[in-house]
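Notes for the one structure printed next.
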Amino acid sequence: MSTFVQVKTNLFLTILKQFGTGVIISTAFVHLFTHASMMFTNECLGELAYEGTTAAIVMAGLFISFLIEFVVQRAMRWQATKKSDTDESFSSPKAVASAEMANITIMETGIIFHSLLIGITLVVAGDSFFITLAIVIIFHQMFEGIALGTRIASLGHGGGATFWHAAQTHMHAHDAPVPVVDRSQPSTVSLARKLLLASGFALVTPIGMAIGIGVLDVFNGNDPKTLIAIGTLDALSAGILVWVGLVEMWAHDWMLGGELTEAGPLTTALAMFGLLAGMVLMSVLGKWA
(Lines of atoms letter the chains of each structure in order from A and count residues from 1; the text may use other names and numbers.)
(Lines give C-alpha, C1' and ligand atoms only; values in the text may rest on other atoms or scores of the structure.)
Protein backbone atom coordinates (compact mmCIF):
# COMPACT_ATOMS: atom_id res chain seq x y z
CA MET A 1 0.00 0.00 0.00
CA SER A 2 2.79 2.43 0.92
CA THR A 3 4.55 1.64 -2.38
CA PHE A 4 1.33 2.36 -4.31
CA VAL A 5 0.88 5.69 -2.53
CA GLN A 6 4.52 6.63 -3.20
CA VAL A 7 4.13 5.84 -6.92
CA LYS A 8 0.96 7.94 -7.15
CA THR A 9 2.62 10.78 -5.24
CA ASN A 10 5.66 10.71 -7.50
CA LEU A 11 3.44 10.72 -10.61
CA PHE A 12 1.44 13.69 -9.31
CA LEU A 13 4.62 15.60 -8.47
CA THR A 14 6.07 14.76 -11.89
CA ILE A 15 3.01 16.28 -13.58
CA LEU A 16 3.24 19.35 -11.34
CA LYS A 17 6.96 19.73 -12.07
CA GLN A 18 6.33 19.62 -15.82
CA PHE A 19 3.47 22.10 -15.42
CA GLY A 20 5.98 24.32 -13.62
CA THR A 21 8.50 23.86 -16.43
CA GLY A 22 5.90 25.07 -18.93
CA VAL A 23 5.12 28.03 -16.69
CA ILE A 24 8.80 29.05 -16.46
CA ILE A 25 9.36 28.78 -20.23
CA SER A 26 6.22 30.79 -20.99
CA THR A 27 7.15 33.38 -18.37
CA ALA A 28 10.56 33.83 -19.99
CA PHE A 29 9.33 34.29 -23.55
CA VAL A 30 5.71 35.49 -23.42
CA HIS A 31 5.91 37.66 -20.31
CA LEU A 32 9.46 38.87 -19.73
CA PHE A 33 10.98 38.99 -23.22
CA THR A 34 7.84 40.53 -24.71
CA HIS A 35 7.50 43.09 -21.92
CA ALA A 36 11.17 44.03 -22.13
CA SER A 37 10.79 44.56 -25.88
CA MET A 38 7.79 46.81 -25.24
CA MET A 39 9.81 48.88 -22.79
CA PHE A 40 12.69 49.40 -25.22
CA THR A 41 10.40 50.24 -28.15
CA ASN A 42 8.28 52.71 -26.18
CA GLU A 43 7.98 55.97 -28.11
CA CYS A 44 8.81 57.93 -24.95
CA LEU A 45 12.26 56.34 -24.97
CA GLY A 46 12.93 57.27 -28.56
CA GLU A 47 14.68 55.14 -31.14
CA LEU A 48 17.52 53.04 -29.76
CA ALA A 49 20.84 53.12 -31.57
CA TYR A 50 21.02 49.32 -31.27
CA GLU A 51 17.86 47.43 -32.25
CA GLY A 52 18.96 44.20 -30.61
CA THR A 53 19.13 45.66 -27.09
CA THR A 54 16.49 43.33 -25.63
CA ALA A 55 18.00 40.19 -27.14
CA ALA A 56 21.51 41.24 -26.06
CA ILE A 57 20.43 41.67 -22.43
CA VAL A 58 18.59 38.33 -22.54
CA MET A 59 21.81 36.70 -23.74
CA ALA A 60 23.64 38.40 -20.88
CA GLY A 61 21.22 36.86 -18.37
CA LEU A 62 21.63 33.50 -20.09
CA PHE A 63 25.43 33.72 -19.96
CA ILE A 64 25.46 34.85 -16.32
CA SER A 65 23.32 31.83 -15.36
CA PHE A 66 25.60 29.48 -17.26
CA LEU A 67 28.72 31.07 -15.77
CA ILE A 68 27.47 30.75 -12.19
CA GLU A 69 26.66 27.06 -12.61
CA PHE A 70 29.91 26.43 -14.47
CA VAL A 71 31.98 28.01 -11.68
CA VAL A 72 30.04 26.18 -8.95
CA GLN A 73 30.46 22.82 -10.65
CA ARG A 74 34.16 23.40 -11.35
CA ALA A 75 34.67 24.26 -7.69
CA MET A 76 32.82 21.12 -6.62
CA ARG A 77 34.86 19.00 -9.04
CA TRP A 78 38.08 20.50 -7.66
CA GLN A 79 37.02 19.69 -4.10
CA ALA A 80 36.05 16.17 -5.13
CA THR A 81 39.38 15.43 -6.80
CA LYS A 82 41.16 16.53 -3.63
CA LYS A 83 39.29 13.88 -1.65
CA SER A 84 39.29 11.05 -4.15
CA ASP A 85 40.77 9.94 -7.45
CA THR A 86 37.30 8.94 -8.66
CA ASP A 87 34.06 10.81 -9.26
CA GLU A 88 32.25 9.03 -6.43
CA SER A 89 32.56 11.88 -3.96
CA PHE A 90 31.19 14.32 -6.52
CA SER A 91 28.16 12.07 -6.99
CA SER A 92 27.48 11.86 -3.27
CA PRO A 93 24.07 13.05 -2.02
CA LYS A 94 25.66 16.07 -0.34
CA ALA A 95 27.43 17.15 -3.54
CA VAL A 96 24.31 16.66 -5.67
CA ALA A 97 22.25 18.63 -3.14
CA SER A 98 24.76 21.49 -3.33
CA ALA A 99 24.47 21.58 -7.11
CA GLU A 100 20.68 21.47 -6.86
CA MET A 101 20.77 24.41 -4.47
CA ALA A 102 22.76 26.41 -7.02
CA ASN A 103 20.17 25.62 -9.71
CA ILE A 104 17.23 26.58 -7.50
CA THR A 105 18.94 29.80 -6.41
CA ILE A 106 19.47 30.86 -10.03
CA MET A 107 15.86 30.01 -10.86
CA GLU A 108 14.51 31.92 -7.86
CA THR A 109 16.65 34.95 -8.71
CA GLY A 110 14.96 35.26 -12.10
CA ILE A 111 11.51 34.81 -10.58
CA ILE A 112 12.19 37.31 -7.78
CA PHE A 113 13.22 40.10 -10.18
CA HIS A 114 10.00 39.51 -12.10
CA SER A 115 7.81 39.30 -8.98
CA LEU A 116 9.29 42.51 -7.59
CA LEU A 117 8.25 44.38 -10.73
CA ILE A 118 4.81 42.76 -10.59
CA GLY A 119 4.28 44.09 -7.06
CA ILE A 120 5.27 47.60 -8.12
CA THR A 121 3.07 47.43 -11.24
CA LEU A 122 0.02 46.33 -9.26
CA VAL A 123 0.21 49.44 -7.06
CA VAL A 124 1.06 52.05 -9.69
CA ALA A 125 -1.52 50.80 -12.22
CA GLY A 126 -4.61 52.95 -12.60
CA ASP A 127 -7.76 52.21 -10.60
CA SER A 128 -9.60 51.06 -13.72
CA PHE A 129 -7.05 48.26 -14.23
CA PHE A 130 -6.54 47.25 -10.60
CA ILE A 131 -9.21 44.55 -10.20
CA THR A 132 -8.42 42.83 -13.50
CA LEU A 133 -4.68 43.05 -12.88
CA ALA A 134 -5.01 41.76 -9.31
CA ILE A 135 -6.97 38.68 -10.43
CA VAL A 136 -4.49 37.90 -13.20
CA ILE A 137 -1.50 38.39 -10.88
CA ILE A 138 -3.01 36.01 -8.30
CA PHE A 139 -3.09 33.22 -10.89
CA HIS A 140 0.26 34.30 -12.32
CA GLN A 141 2.00 34.06 -8.94
CA MET A 142 0.18 30.85 -8.08
CA PHE A 143 1.50 29.16 -11.22
CA GLU A 144 5.04 30.45 -10.62
CA GLY A 145 4.75 29.28 -7.01
CA ILE A 146 3.89 25.78 -8.24
CA ALA A 147 6.88 25.86 -10.59
CA LEU A 148 9.29 26.89 -7.85
CA GLY A 149 7.64 24.92 -5.05
CA THR A 150 7.78 21.55 -6.81
CA ARG A 151 11.50 21.99 -7.48
CA ILE A 152 12.17 23.05 -3.88
CA ALA A 153 10.15 20.07 -2.59
CA SER A 154 12.31 17.69 -4.67
CA LEU A 155 15.58 19.05 -3.26
CA GLY A 156 17.64 16.39 -1.54
CA HIS A 157 15.57 13.41 -2.76
CA GLY A 158 17.85 12.42 -5.64
CA GLY A 159 15.45 13.32 -8.45
CA GLY A 160 16.74 16.78 -9.14
CA ALA A 161 20.22 15.92 -10.36
CA THR A 162 21.66 18.71 -12.41
CA PHE A 163 22.32 18.84 -16.13
CA TRP A 164 26.06 18.46 -15.46
CA HIS A 165 25.58 15.51 -13.13
CA ALA A 166 23.36 13.78 -15.68
CA ALA A 167 25.95 14.31 -18.39
CA GLN A 168 28.68 12.88 -16.15
CA THR A 169 26.55 9.82 -15.44
CA HIS A 170 25.99 9.37 -19.16
CA MET A 171 29.72 9.60 -19.90
CA HIS A 172 30.86 7.14 -17.26
CA ALA A 173 28.02 4.62 -17.44
CA HIS A 174 25.75 4.55 -20.48
CA ASP A 175 23.51 2.00 -18.81
CA ALA A 176 23.27 3.87 -15.51
CA PRO A 177 19.80 3.89 -13.94
CA VAL A 178 17.66 6.97 -14.31
CA PRO A 179 17.41 8.84 -11.00
CA VAL A 180 14.02 8.95 -9.33
CA VAL A 181 12.60 10.85 -6.43
CA ASP A 182 12.57 8.52 -3.43
CA ARG A 183 10.46 10.11 -0.72
CA SER A 184 10.78 7.11 1.57
CA GLN A 185 14.27 8.38 2.41
CA PRO A 186 14.91 11.60 4.38
CA SER A 187 15.89 14.65 2.36
CA THR A 188 19.51 15.77 2.50
CA VAL A 189 18.26 19.38 2.45
CA SER A 190 16.70 20.57 5.71
CA LEU A 191 13.10 21.72 5.91
CA ALA A 192 14.27 25.06 7.32
CA ARG A 193 16.37 25.72 4.21
CA LYS A 194 13.46 24.79 1.93
CA LEU A 195 11.15 27.14 3.84
CA LEU A 196 13.75 29.90 3.57
CA LEU A 197 13.84 29.45 -0.21
CA ALA A 198 10.05 29.49 -0.39
CA SER A 199 9.74 32.56 1.84
CA GLY A 200 11.86 34.60 -0.57
CA PHE A 201 9.27 34.10 -3.30
CA ALA A 202 6.34 34.59 -0.90
CA LEU A 203 7.62 37.95 0.39
CA VAL A 204 9.03 39.59 -2.73
CA THR A 205 5.71 40.65 -4.31
CA PRO A 206 4.48 42.36 -1.11
CA ILE A 207 7.88 44.07 -0.92
CA GLY A 208 7.38 45.25 -4.49
CA MET A 209 3.94 46.58 -3.54
CA ALA A 210 5.48 48.44 -0.59
CA ILE A 211 8.03 50.01 -2.93
CA GLY A 212 5.20 50.93 -5.29
CA ILE A 213 3.33 52.68 -2.47
CA GLY A 214 6.49 54.57 -1.55
CA VAL A 215 7.07 55.88 -5.08
CA LEU A 216 3.42 56.25 -6.07
CA ASP A 217 3.44 60.06 -6.03
CA VAL A 218 6.59 60.37 -8.15
CA PHE A 219 6.35 57.28 -10.36
CA ASN A 220 6.24 57.98 -14.08
CA GLY A 221 5.91 54.87 -16.21
CA ASN A 222 6.88 56.82 -19.33
CA ASP A 223 10.09 58.27 -17.94
CA PRO A 224 13.05 57.05 -20.05
CA LYS A 225 15.03 56.01 -16.95
CA THR A 226 12.08 53.98 -15.68
CA LEU A 227 11.60 52.30 -19.06
CA ILE A 228 15.29 51.38 -19.27
CA ALA A 229 15.37 50.04 -15.69
CA ILE A 230 12.24 47.90 -16.09
CA GLY A 231 13.25 46.70 -19.55
CA THR A 232 16.71 45.71 -18.35
CA LEU A 233 15.42 43.78 -15.32
CA ASP A 234 12.78 42.03 -17.45
CA ALA A 235 15.33 41.04 -20.10
CA LEU A 236 17.86 39.80 -17.53
CA SER A 237 15.16 37.77 -15.80
CA ALA A 238 14.12 36.34 -19.17
CA GLY A 239 17.67 35.18 -19.86
CA ILE A 240 17.95 33.55 -16.44
CA LEU A 241 14.63 31.72 -16.84
CA VAL A 242 15.45 30.65 -20.41
CA TRP A 243 18.54 28.86 -19.06
CA VAL A 244 16.67 27.35 -16.13
CA GLY A 245 13.56 26.41 -18.12
CA LEU A 246 15.17 25.00 -21.26
CA VAL A 247 18.40 23.49 -19.93
CA GLU A 248 17.97 22.63 -16.26
CA MET A 249 14.30 21.69 -16.37
CA TRP A 250 13.07 20.71 -19.85
CA ALA A 251 16.19 19.16 -21.40
CA HIS A 252 17.38 17.55 -18.17
CA ASP A 253 14.05 15.98 -17.22
CA TRP A 254 13.27 14.59 -20.66
CA MET A 255 16.58 13.78 -22.39
CA LEU A 256 19.65 14.05 -20.17
CA GLY A 257 19.19 11.39 -17.53
CA GLY A 258 16.17 12.91 -15.77
CA GLU A 259 13.17 11.07 -14.41
CA LEU A 260 11.31 11.08 -17.77
CA THR A 261 14.19 9.76 -19.88
CA GLU A 262 12.91 6.19 -19.61
CA ALA A 263 9.40 6.81 -18.27
CA GLY A 264 6.49 4.63 -19.36
CA PRO A 265 3.87 5.74 -21.92
CA LEU A 266 1.30 6.83 -19.33
CA THR A 267 3.77 8.86 -17.26
CA THR A 268 5.20 10.42 -20.43
CA ALA A 269 1.75 11.38 -21.74
CA LEU A 270 0.64 12.88 -18.43
CA ALA A 271 3.92 14.76 -18.02
CA MET A 272 3.64 16.11 -21.58
CA PHE A 273 0.10 17.25 -20.81
CA GLY A 274 1.34 19.05 -17.69
CA LEU A 275 4.14 20.71 -19.68
CA LEU A 276 1.78 21.96 -22.40
CA ALA A 277 -0.83 23.04 -19.84
CA GLY A 278 1.75 25.20 -18.07
CA MET A 279 2.82 26.80 -21.34
CA VAL A 280 -0.72 27.46 -22.55
CA LEU A 281 -2.19 28.79 -19.30
CA MET A 282 0.74 31.12 -18.63
CA SER A 283 0.70 32.31 -22.24
CA VAL A 284 -3.01 33.13 -21.95
CA LEU A 285 -2.30 35.17 -18.81
CA GLY A 286 0.25 37.08 -20.88
CA LYS A 287 -2.62 38.99 -22.48
CA TRP A 288 -3.15 40.88 -19.22
CA ALA A 289 0.11 40.61 -17.25
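Including glycine, each Cβ sits where the backbone N, Cα and C put it.
A TrEMBL annotation is a machine prediction, not a hand-curated record.
Some features that TrEMBL has for this protein:
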TRANSMEM  12-33  transmembrane segment
TRANSMEM  53-72  transmembrane segment
TRANSMEM  111-139  transmembrane segment
TRANSMEM  195-219  transmembrane segment
TRANSMEM  226-246  transmembrane segment
TRANSMEM  266-285  transmembrane segment
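Each of 12-33, 53-72, 195-219, 226-246, 266-285 was scored by its Cβ pairs under 8 Å to the transmembrane segment (111-139), and the highest score goes to 195-219. Per-stretch counts of Cβ pairs under 8 Å to the transmembrane segment (12-33) identify 266-285 as the leading one among 53-72, 195-219, 226-246, 266-285.
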